[in-house]
Amino acid sequence: MGRRSTSSTKSGKFMNPTDQARKEARKRELKKNKKQRMMVRAAVLKMKDPKQIIRDMEKLDEMEFNPVQQPQLNEKVLKDKRKKLRETFERILRLYEKENPDIYKELRKLEVEYEQKRAQLSQYFDAVKNAQHVEVESIPLPDMPHAPSNILIQDIPLPGAQPPSILKKTSAYGPPTRAVSILPLLGHGVPRLPPGRKPPGPPPGPPPPQVLQMYGRKVGFALDLPPRRRDEDMLYSPELAQRGHDDDMSSTSEDDGYPEDMDQDKHDDSTEDSDTDRSDAESDGDEFGHRDDSERDNTEEKKSGLSVRFADMPGKSRKKKKNMKELTPLQAMMLRMAGQEIPEEGREVEEFSEEEDDDDSEDSEAEKPSQKQHKEDSHADGSSAASSQQQAPPQAVPPSQIQAPPMPGPPPLGPPPAPPLRPPGPPTGLPPGPPPGAPPFLRPPGMPGIRGPLPRLLPPGPPPGRPPGPPPGPPPGLPPGPPPRGPPPRLPPPAPPGIPPPRPGMMRPPLVPPLGPAPPGLFPPAPLPNPGVLSAPPSLIQRPKADDASAATIEKKATATISAKPQITNPKAEVTRFVPTALRVRRENKGATAVPQRRSEEDSAVPVAKAAPRSGPSVPVSVQTKDDVYEAFMKEMEGLL
């Protein structure tokens, strides 16, 4: 990279003489700084001890090439440290090569010695690691010469040999005992015993029968086993074991019919018992126990392939019981809600589970009449519940028109949402159904019929009407709100019996308080027919032609005619609302200020009249100029001051 000229920029533009001088001065400064930096680096390198650097590198090598202990630092960290130390050592070598060659030669010797030590460490480490990986079995052994014949095998103690007895001494000169020799059966490499020596005896204890049989077949003579041994040996014979197993299988397959018949008899007995004892709850529990046992037996008979099924076995009772078992309390409750007839078995299941759930229910269920009457009651009750559910949906009837039946005890899930007051008039056409807040399948505990198990529901919220207890205030039909001033409103006349009462959203109370800000002390005598319009018609502005035209257009365009002028009942309060707070002055002389206040009130009502067309229909209003507004303001000030 060549040097750039100081008279031009990087792109070749001619530079200002001032910039040229600044650039040259900066170049000189950088050159001087570079010399200083080189001197600082040389001084730092001279301060470092090269022998210490070599020792640090040796420590790193010992840590890395240690076959016993894993290195504490990571392999990458060790490489980085050695690289930095080596670079520093080479810089010191270059420095001393220029300045002091004698020190340079000494440092070279140190480096060569370090490299030799490092190579030795690495070689030892590799040898140990390779020895750890090599398997011992793969190492070839040298060929061993044959054992000399003068070595006696008897002198070598065998692990299973019995030591010679101390008590009984056998004479070498006595008659030799005959022994069955089994030496030819052994390997050929074993040297023979010298004459006159006995081979070591067998291990203590009788030999196992398998060994005796094997050697009896090989040598050629039969061995007579004791009867106990022969019986034990039969256990090891595969043919006999197979034959015995077949006999056992045939006997078990013949005997399998007996438990099956017993189970069938027990199954039929349980069927008859359950048919006769249906009205008793305890017999229900026993019946379920029998049924579970019979179901378990049936599944075991299906699984085992050894059972024999005959053609004359009755199979319908099992199917019937299975169908009876499958009717759960939930299905029975849904059948009852739909108004259908519940099978006897399912209903008793439901009653049994419910008797366990309801601890504080009445004892009327214990004294049950005959089965037929109970069935008719439950059927009629289910149909009445379904009809009341169809006739009285909770949303279609306001709570003020429907009265819940009187509750003799605490209801299942909370207080009954029944307003205490009933509006006067003829009774409505709807029968009193369940309360609007409760789900349709919940009945008060006083009503007859089968109670289903209580579902896990959230407790209902507050009742739709007023809280119980008639506080002084509006009757239950009105929505809660600020108490209306004036005469108390009358209830709407109740609907004739044939027509359902209107929804709560459609009923409007006859007298609603006005929405606008009322004067502090009084109530306006007539309510506004359109509370959305907040001002009077623009006929307040004293311009006769424009006022007549605008009033005519109002009557043509708007559906509701605005005919009331602002009735100022408290002029002082109304005027001071439009005045800045700093100018609110109260005078004792009311007679002198009454007329200007009335006039200023009429002027101050103009901004409200201008704001009116935004909320209501579009009304053409004559625009006031700044002079008119200023003149009205000055008149207002004159009236106040």
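Glycine is treated like the rest: Cβ placed from N, Cα and C.
As the structure is a computational prediction, the values presented were derived from the model and not from experiment.
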Checklist entry - According to Swiss-Prot, which residue out of Ser317, Ser361, Ser370, Ser378 bears the annotation phosphoserine? => result Ser361
Checklist entry - Which one of Ser11, Ser250, Ser304, Ser364 shows up in Swiss-Prot with the note phosphoserine? => result Ser364
Item to check | Local confidence of the region 'Required for nuclear import' (1-45) - pLDDT mean | outcome: 88
